[in-house]
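Undergrad: According to TrEMBL, the protein carries these features:
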TRANSMEM  38-61  transmembrane segment
TRANSMEM  73-100  transmembrane segment
TRANSMEM  106-131  transmembrane segment
TRANSMEM  151-175  transmembrane segment
TRANSMEM  241-262  transmembrane segment
TRANSMEM  388-412  transmembrane segment
TRANSMEM  424-444  transmembrane segment
TRANSMEM  456-481  transmembrane segment
TRANSMEM  501-525  transmembrane segment
TRANSMEM  555-579  transmembrane segment
TRANSMEM  591-614  transmembrane segment
TRANSMEM  620-643  transmembrane segment
Amino acid sequence: MVDVEMTIYHVLTNNLEMSELYKCPTNMTTNLIPRPIIGSYFLVSGIALIIIYLPCFVVMIKSKCRASSYQLMMLLAVFDLTSLMVNSVTTGVLGIMGASFCHYPLFVFTAGSIGLGSWMGGCVVCILLAVDRCVEINSNFPLAIIFHKQVFRLVMIVICIYWVYASFFTNPLLFTAQYSSWFFDPFIGKEGDLYHNIPHTINNLLVSASSTPLYIYLCYHLIFKFGYSTSMWLYRSKQQIIIQAVILCFFHATAAYIYVYMQFFPTPSWLIIIGQLAWQYSNGCVCLAYWTLNRTIRNAAIRMMLSKRIRKRFKLHMGIDEAIAAERDGEVASVSNVMNLMSGTAKATMTFNNEMTLYFVLSNGLDLGEMYKCPPNMTTPFYPRPIIGAYFLISGIILTIIYLPCFLVMLFSKCRAPSYQLMTLLAIFDLSALTVNSIITGALGIQGASFCHYPLFIYCAGAIGMGSWMGGCVICILMALDRCVEINPHFPFAFIFYKPVFRFTMLVVCGYWAFATFFTNPVIFNVQYMSWFFDPNIGKDSDLYHNIPHTLNNLFVSVISTPLYIYLCYHLICIFGYSTSMWMYKSKQQIIIQAVILCFFHATGAYIYVYMQFFPTPPWLIIIGQLAWQYSNGCVCLAYWTLNRTIRNSAIRMMLPKKIRKRFKLHMGIEEQIEAERNEGNNVVASTADTIMAHTAKVAPFLMETTM
């Protein structure tokens with residue numbers, strides 16, 4: 001429950017007197033900690049973003065358009081400008097001074113209340129903007145009723161009430177100069193748990209869980225439902241909407257996750273700064289999107305700020321009227337030339353073609369279909385990439401060597417719980433994928449070979465890599481479900497892990513892997529970009545090679561896995577409460593870290609590979625996509641070795657003889673720990689040694705069960 005004495009409402013109704021929980025002790029020393037560099041950055045960047053944002057805000061206010069999207073954008077601008085004043089300008093000033101809460105308690109308290117209210121209000125507006133976009137492209141969208149005239153007025157009132165509640169009736173964020181960021185804990189010597197803001201936590205989890213599926217739905221409709229247009233304007237418009245959606249969703253989700261994590265766990269300084277930057281740009285990226293991607297607002301803002309003479313001098317033709325006038329004066333190309341550039345024939349899209357699959361190749365005497373036959377007159381020079389090729393080859397071999405002991409441990413384990421079976425199958429998919437996306441990628445990169453140098457080998461490798469990726473995606477979703485069932489036996493999908501149903505589930509997963517490997521077109525290696533594409537680049541239309549099952553797989557894995565991991569983290573943080581047990585605390589923290597890492601790499605790889613299919617992609621983003629694919633498989637074994645003590649200990653037992661483990665004091669298991677204690681007992685008083693051994697023996701059976 002929210003304590004009213006910890007809110008700005010209490011301060012305003014109590015003659016600006018703060019609660020005892022926020023009164024700095026008189027004997028407390030509060031030294032200034034100036035941080036001039038990072039403080040200057042926040043101050044300068046905040047002022048710059050506000051200056052950039054203000055013309056867009058004024059344009060929206062002056063506009064006669066009163067569509068629901070414009071009203072939401074205006075309200076969002078109010079929240080964003082207010083937030084930027086707190087998370088950038090105020091942060092910068094206090095950072096340069098080195099002042100924290102106890103130096104200016106009332107000012108920092110008030111600023112934190114305003115900043116928190118603006119953040120939570122802005123989150124709701126961003127969700128509604130995403131819903132509005134979905135309604136624009138699909139009038140039958142379930143939530144379209146929200147934007148009916150009478151209902152929308154009520155919605156706007158509810159948003160304002162929510163902002164008032166967040167600002168005046170929840171405990172605020174407070175600035176700490178040591179980290180150049182804002183925390184709920186004022187750091188005045190009281191227990192940090194007293195200052196947790198549960199409404200803020202729920203807000204952050206909900207905004208991530210709801211906005212991500214909405215933006216994925218939006219991108220899916222733009223890509224698939226609207227088809228492929230020959231109009232350059234429509235193509236660019238679709239591309240810009242998708243870019244805006246991805247950027248806005250990324251910054252909001254990042255800030256939301258990090259600020260929830262900061263409330264409940266010790267957080268390193270670099271992650272705190274990333275959270276602060278994500279909060280800043282969750283507000284600032286909106287105005288940058290207006291200036292770079294929203295032509296209507298950009299043109300109106302330039303019209304408002306610059307006179308017609310200046311616009312004409314620098315050829316800033318804002319609007320069709322000025323463009324026509326410029327054409328008459330010979331300043332721009334004629335309309336006919338522009339239309340010729342925009343015109344073209346419609347490209348026919350192809351549905352599933354059996355001749356493009358590995359099944360066809362195997363059943364046709366290893367002869368590739370016509371779509372993958374390199375023209376005899378085509379020159380394919382080698383294009384060696386030794387540095388990045390060596391990286392992928394070496395890192396792939398290292399990750400495989402690290403993964404193999406964990407795989408053998410799971411394979412020879414007597415445990416046959418659903419989680420172990422899923423982890424074993426995931427290891428098979430991961431090792432297969434690492435062979436393709438790391439080792440084969442590295443070897444081909446060093447050599448400089450592409451598809452036409454080794455067509456059959458690359459074709460088969462791409463099919464195996466594709467099947468391993470899609471099969472691994474399903475396993476990761478099932479593992480997330482299994483985790484949720486472990487912490488909540490009443491979870492709706494618990495029946496999947498009942499013995500007869502789970503066997504059928506495993507058969508379905510294997511069937512899905514077989515379909516993805518043998519009955520969809522594979523990814524093909526391109527050495528120029530050091531990545532794998534569906535288009536073999538042999539001169540045919542790239543639209544013929546789109547893999548729709550892969551696209552749907554990637555969208556679904558992002559939509560499903562993100563809410564599941566959020567649900568998991570929410571239960572661990574909020575439902576299970578706070579444990580005084582260090583083991584329980586570390587276990588919860590490790591599960592959350594594993595969930596975030598696995599979800600991040602899978603979602604990043606999925607989004608980028610979908611984008612690469614349909615839009616021109618810069619080389620740096622292609623490399624990021626390749627790395628995300630590599631570490632979506634490789635991060636699992638790293639998690640086993642660093643966070644999963646059971647598998648790590650078993651792997652060390654398997655690889656190292658007892659003599660070596662004893663020499664380096666690698667006591668893997670309670671029985672070796674007891675033996676080590678007995679050996680060390682020779683140097684200790686006998687009675688003390690007996691006491692230690694007796695107590696150890698009492699807890700041994702419990703510990704042995706928990707480490708199996």
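From the backbone N, Cα and C atoms, a Cβ is placed for every residue, glycine too.
A TrEMBL annotation is a machine prediction, not a hand-curated record.
Bear in mind that the values here come from a model prediction, so they are computed numbers and not experimental data.
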Undergrad: When you scan the chain for residues with a C-beta under 8 Å from the transmembrane segment (38-61), skipping those not six or more beyond its ends, what do you find?
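TA: Result: 70, 73-74, 77-78, 80-81, 84-85, 87-89, 91-97, 180, 273, 276, 280, 283-284, 286-288, 290-291, 297, 300-301, 304-305.
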Undergrad: Could you give the residue numbers and ranges of same-chain residues that sit at least 6 residues beyond the transmembrane segment (73-100) on either side and whose C-beta is under 8 angstroms from one of its C-beta atoms?
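TA: Cβ under 8 Å, 6 or more out: 30, 32-36, 38-47, 49-50, 53-54, 56-57, 60-61, 108, 111-112, 114-115, 118-119, 121-122, 125-126, 129, 156, 159, 163, 175-178, 180-182, 187, 276, 279-280, 283-284, 286-287.
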Undergrad: By a Cβ-Cβ criterion of under 8 Å, what residues six or more beyond either terminus of the transmembrane segment (620-643) are in contact with it?
TA: 388, 392, 395-396, 399, 402-403, 406, 426-427, 429-431, 433-434, 437-438, 441, 468-469, 472, 529-532, 590, 593-594, 597-598, 601-602, 604-605, 608-609, 611-612, 651
Undergrad: Does the chain bring the transmembrane segment (501-525) near the transmembrane segment (388-412), so that three or more CB pairs sit under 8 Å (pairs 6 or more apart in sequence)?
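TA: No; fewer than 3 Cβ pairs under 8 Å.
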